[in-house]
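Copied over from Swiss-Prot:
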BINDING   Arg12, Lys13, Ser101, Gln102, Arg103, Gln163  substrate binding site
BINDING   Ala71, Met72, Thr73, Ser101, Asn129, Lys195, Thr225, Gly272, Ile273, Arg274, Ala293, Arg294  FMN binding site
BINDING   Glu164  Mg(2+) binding site
Amino acid sequence: MTPDPASALQHRKRRHIDVCLTDPVDYQTLTTGFERYQLPYNALTQTDLHSVDLGTEFMGSRLRAPVLIGAMTGGAALSGIINRNLAEAAQQLGVGMMLGSQRVMIDDAVAAESFDVRGVAPDVLVIGNIGLAQLQPSMVPALAAALDRVGANGLAVHTNPLQEAMQHNGDTDFSGSMSRLREVVDSLGYPVMLKEVGHGIGASAAAQLVDCPVAAVDVAGAGGTSWARIEQFVRYGEVRYPALAEWGIPTAQALTEVRGILPDVPLVASGGIRTGMDAAKALAMGAEVVAIARPLLAPAVESVGAVVDWLQRFIDELLVCLHGSGAANLSALRERGVTELP
């Protein structure tokens, strides 16, 4: 018997989790590019470490640190545990959270429970999620209802042509997607962010967004997790197309290119952000916030405490980076910038 589409989608979501927990899904040769930059160290800093302020505003919400838990999962039974552990950790630390794709909850009401996080995270910035390939203006009522259902503050639309091409029966028709995105941005009634999934938004894509009033862009560059690798593991049990698994725009390059073309649009830096130093460099290069996903997956399967511990170490390192560079807050950090190594 052929499984119904909703069941097949839930099964694929679970396979994504399993592959990310067990297989080598990071880029193997391509890096984020942040290693080519140095955060200037100031031996005569005039800051008090305990007074450094990491607070910021993003998509209408106040964050205690410029950190989002990146989009990961939804739909599978384990997804609900993961999302609630992530959300409770976000509540404790005052950071934001992106949900995994809500397409599954639009297709299957039962799957909606895996996205319910407001019970443990009443104050957290929660950003919903849908794929650009599936986005249609006719979906706006259902999409708005899905966002209402989870108490989201906004929506992230993920664009992922390479991932979809690697996926069995992926949605590979992106023709007309920009006009559909504009229609949804104009009519949804929620702030809309555009994001990649880890292969990068660069100059050519940013130029297409100049006249599209998105609330933010997550450059989601290459150098961290490769969804082209994940989908090949899911589909073939191996990486059959290694060149495609290594294709993307490094995060540092993506951030620089998009900031140059969209100087006034808030940017999220994600894709291989693994340390507080990575975050400090990204913020100094113009990102408003950073997002972290796969490093938090195993902790989220374990417990809320494991997620809090991981994020607290990350935030503590970021705090020391500001202090050591002589920056009392994020604005001062951006004024200092970074130095490109020879």
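Including glycine, each Cβ sits where the backbone N, Cα and C put it.
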* Asked: Whose Cβ, among the binding-site residues Thr73, Asn129, Gln163, Thr225, has more other Cβ atoms within 10 Å than any of the rest?
  -> Thr73
* Which Cβ among the binding-site residues (Ser101, Gln102) has the fewest C-beta neighbours inside 10 Å? -> Ser101
* **Alpha-carbon distance [Ser101 (substrate binding site); Ala293 (FMN binding site)] in Å** => 14
* Among the binding-site residues Ala71, Thr73, Thr225, Ile273, whose Cα is within 10 A of the Cα of Lys13 (substrate binding site)? -> Thr73
* Structure fact -> Between the C-alpha atoms of Thr225 (FMN binding site) and Gln102 (substrate binding site), the distance in angstrom, to the nearest integer, is 21
* Do me a favour and check the Cα-Cα span between Gln102 (substrate binding site) and Ala71 (FMN binding site); whole Å is fine. => 11
* **For Asn129 (FMN binding site): DSSP state (helix, strand, coil)** => strand
* **Close in space, distant in sequence - Ala71 (FMN binding site), Cβ under 8 Å, 6 or more apart** => Met98, Leu99, Gly100, Ser101, Ile127, Asn129, Ala156, His158, Lys195, Val197, Ala293
